[in-house]
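Engineer: Pulled the feature table from TrEMBL, pasting it below:
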ACT_SITE  His219  active site, proton acceptor
BINDING   Gly51, Ala52, Ala53, Gly54, Gly55, Ile56, Gly57, Asp77, Asn136, Ile159, Ser160, Asn161, Met270  NAD(+) binding site
DOMAIN    46-187  domain 'Lactate/malate dehydrogenase N-terminal'
DOMAIN    189-351  domain 'Lactate/malate dehydrogenase C-terminal'
SIGNAL    1-20  signal peptide
Amino acid sequence: HLLSSCVLVLLVGHIKMASTGPAMLKWAQAASRGFAAAASGGPGRKVAILGAAGGIGQPLSMLMKMNAQVSELSLYDIAGTPGVAADVSHINTKAQAKGFDKEGLAEALRGCDLVIIPAGVPRKPGMTRDDLFKINAGIVRDLVEGVGKHCPGAVLNIISNPVNSTVPIAAEQLKKMGVYDKRKVMGVTTLDVVRAKTFYAEKNGLDVASVDVPVVGGHAGVTILPLFSQATPKVSMAADVLDALTKRTQEGGTEVVQAKAGKGSATLSMAYAAALFADSCLRGLNGTPVVECTYVESTITDAPFFASKVKLSTEGVDKVYDLGSLSDYEKEGLKAMMPELLASIEKGVQFIKSA
């Protein structure tokens with residue numbers, strides 16, 4: 001599965017096979033499992049990253065430049081973007097990178113197939129997601145308004161936190177403009193999946209490349225619910241171990257914020273996860289359906305937006321899957337998350353309706 005591929009294999013597609021020995025050949029063959037090697041024969045896509053000069057945006061720009069499905073890469077931020085674009089443009093892959101700042105949003109977006117939004121401020125020690133909301137809500141609204149004007153048919157990948165609220169903000173803004181398509185607005189929760197797989201594999205001595213763990217709900221604290229009962233390979237864990245793994249997945253972001261001691265949040269792992277999810281969206285657009293977890297408009301629970309497995313296809317979200325069989329522990333987790341998730345969604349909706 002592409003979520004278990006290592007970013008390092010992305011580089012392999014650009015090494016000349018004729019000059020490799022047996023070890024290098026084996027490494028190069030592994031590239032077929034990496035997202036840079038995927039669907040290289042499909043149509044090239046224009047991808048925009050809004051917030052490209054930030055802590056997530058810069059490594060994400062590099063990773064998307066390395067994706068063989070990308071032919072044009074538009075990098076937008078309020079400052080510093082031409083430098084990021086010049087830097088990544090030297091990478092010897094086919095995507096043509098251009099940088100835009102301040103007044104260049106329209107040109108950056110025009111003709112885009114996929115728009116990724118990591119823009120906004122990162123979380124710092126002591127900062128709540130409510131603090132983030134006050135700053136990032138307006139940023140997301142304004143950028144999504146640009147998408148609605150200049151590329152209303154694009155698939156939207158929203159990273160800006162708090163995702164539980166910013167995705168409803170995006171949906172309401174597009175509704176206000178008459179261009180909302182629920183199949184194309186997605187909150188990126190892939191980092192929760194990446195963390196759950198990593199922690200589960202480490203704890204149980206498994207090869208992480210063979211592990212899959214669905215993660216449902218939202219993208220903040222208790223609203224993140226890893227379904228370890230549905231993990232593969234299946235490992236029976238004691239109740240205290242299961243609880244500890246669940247809580248570590250839920251607080252993975254805080255773990256990084258504290259470890260960076262006020263100097264940032266999860267940027268590298270988030271960029272990796274965002275690149276994986278963007279790749280899946282591009283595969284879907286290019287006719288190869290992919291199943292991923294993402295936060296979308298949904299009717300599978302009482303929450304109008306919810307993260308679960310979906311099928312990504314040529315028009316974005318083709319199908320939203322139900323939760324399947326849950327353990328008693330997971331049923332309690334689902335019940336516990338709902339008040340916070342519903343409140344976060346309503347907060348995002350009201351931000352646009354009251355504007």
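Note that the numbers count up from 1, one per residue, in the order the chain is shown.
Cβ coordinates are placed from backbone N, Cα and C, and glycine is handled just like the others.
Whatever TrEMBL says is automated annotation, not expert-curated.
What does the local environment look like for each feature on the list?
Structural biologist: Long-range C-beta contacts of His219 (active site, proton acceptor), restricted to its own chain and to partners at least six residues apart, with a cutoff below 8 Å, comprise Asn161, Pro162, Val163, Asn164, Gly187, Val188, Thr189, Asp192, Tyr295, Ala307.
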Engineer: On the Cα atoms of Gly51, Ala52, Ala53, Gly54, Gly55, Ile56, Gly57, Asp77, Asn136, Ile159, Ser160, Asn161, Met270, which are listed as binding NAD(+), what is the maximum pairwise distance in Å?
Structural biologist: 18
Engineer: For the domain 'Lactate/malate dehydrogenase N-terminal' (46-187), DSSP counts of helix, strand and coil?
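Structural biologist: Helix, strand and coil residues of the domain 'Lactate/malate dehydrogenase N-terminal' (46-187) number 66 helix, 30 strand, 46 coil.
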Engineer: Where's the emptiest Cβ shell within 10 Å among the binding-site residues Gly51, Gly55, Gly57?
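Structural biologist: Checked Gly51, Gly55, Gly57; of these binding-site residues, fewest Cβ neighbours within 10 Å: Gly55.
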Engineer: Which whole number is the mean pLDDT over the domain 'Lactate/malate dehydrogenase C-terminal' (189-351)?
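Structural biologist: 97, rounded to a whole number.
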